[in-house]
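Student: Before anything else, here's the structure in question.
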Ligand code: CP
Ligand code: NVA
């Protein structure tokens with residue numbers, strides 16, 4: 001039996017697999033835009049487990065599964081047995097016998113790894129404290145759409161060394177681009193946390209302006225991620241100089257785009273001028289969660305297929 005393919009971290013796919021998935025995302029998106037039905041996942045069921053809040057992830061997976069001909073079921077910790085201490089191993093056994101695909105948003109990466117180890121169906125990481133691979137899948141797809149090949153380009157990450165930052169680092173290694181990271185002191189990136197052990201694609205900068213110099217893509221995220229709310233007030237002080245503003249965009253490449261996974265806090269990690277300005281592609285980026293994840297679900301469920 002071929003082992004089940006899961007998507008738990010960005011590094012779970014090779015560069016060649018990403019090339020295929022991006023090609024499929026474009027094909028699926030174009031077809032959808034022409035209002036042509038495409039139902040390769042007819043009769044299949046996606047279960048979505050949320051232990052943290054979500055707008056985009058829930059909507060894009062639920063709408064995406066319906067558009068591919070299947071259906072999606074939403075479970076959360078509050079009103080399922082998951083919040084009442086049922087072992088993850090048991091939940092995985094049961095849920096994966098009643099569904100064809102499972103997407104999980106939770107706290108520890110360990111939970112999705114454990115779920116996958118006990119599952120009969122593919123598992124997708126819909127965000128953990130450590131990684132957010134579906135978002136970077138959509139972000140890279142968006143960059144390619146907007147500016148072409150990402151290989152050899154430079155992404156400037158300004159802010160917290162969080163799940164998004166870790167995932168950008170994995171993506172840089174696999175797809176061969178550079179990431180310039182600037183975080184406040186005390187919040188520096190730990191390459192091991194991203195599952196990397198010394199990569200040539202990563203450079204740290206104390207000054208966010210330096211990180212943005214010559215960048216092709218400038219990106220940031222909330223100063224306080226879900227699960228870290230107790231640190232919010234302290235982080236507001238520590239991150240005050242890590243707000244992406246017009247000056248940072250001015251030192252980036254003239255053609256640079258700005259991305260943010262959203263939700264955003266204007267006046268904190270990014271100014272309104274930048275996120276609502278001409279270089280921002282945040283709405284295209286958000287929409288592409290739908291198209292990229294449809295390609296991801298198709299690939300996990302059906303493997304490689306010829307364009308129809
Ligand atoms: N970017 C993202 O994952 O958004 P949600 O938290 O709304 O799902
Ligand atoms: N880093 C953020 C991303 C939200 C989509 C968080 O984990 O809360």
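Just so it is clear, glycine is given a Cβ too, placed from its N, Cα and C backbone atoms.
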Student: Going by TrEMBL, 221, 225, 226 bind L-ornithine; tell me which of 163, 166, 288 is listed for that site too.
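Tutor: The record-listed residue among the candidates is 163.
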Student: Pick the one from 34, 97, 105, 304 that TrEMBL also lists for the carbamoyl phosphate site with 54, 55, 56, 57, 81, 132, 133, 134, 135, 261, 262, 289.
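Tutor: Of the residues offered, the record points to 105.
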Student: Report the same-chain neighbours of residue 226 (L-ornithine binding site): residues 6+ apart in sequence with Cβ closer than 8 Å to its Cβ, ordered by sequence.
Tutor: 52, 53
Student: Write down the Cα-Cα distance for residue 261 (carbamoyl phosphate binding site) and residue 221 (L-ornithine binding site), rounded and given in Å.
Tutor: 7
Student: Roughly how many angstrom lie between the C-alpha atoms of residue 163 (L-ornithine binding site) and residue 81 (carbamoyl phosphate binding site)?
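Tutor: About 27 Å separate the Cα atoms of these two residues.
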Student: So how far apart do the L-ornithine binders 163, 221, 225, 226 get, largest Cα to Cα in Å?
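Tutor: Max span of the L-ornithine binding residues, Cα based, is 12 Å.
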Student: Which binding-site residues from the set 54, 56, 225, 226, 261 have a C-beta atom lying less than 6 Å away from ligand 1?
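Tutor: 54, 56, 261, in sequence order.
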Student: Which of the binding-site residues 56, 134, 225, 261 have a Cβ less than 6 Å from any atom of ligand 2?
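Tutor: Listed by sequence, the hits are 225, 261.
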Student: Note down the number of other Cβ atoms within 10 Å of the Cβ of residue 134 (carbamoyl phosphate binding site), including every protein chain shown.
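Tutor: The answer is 26.
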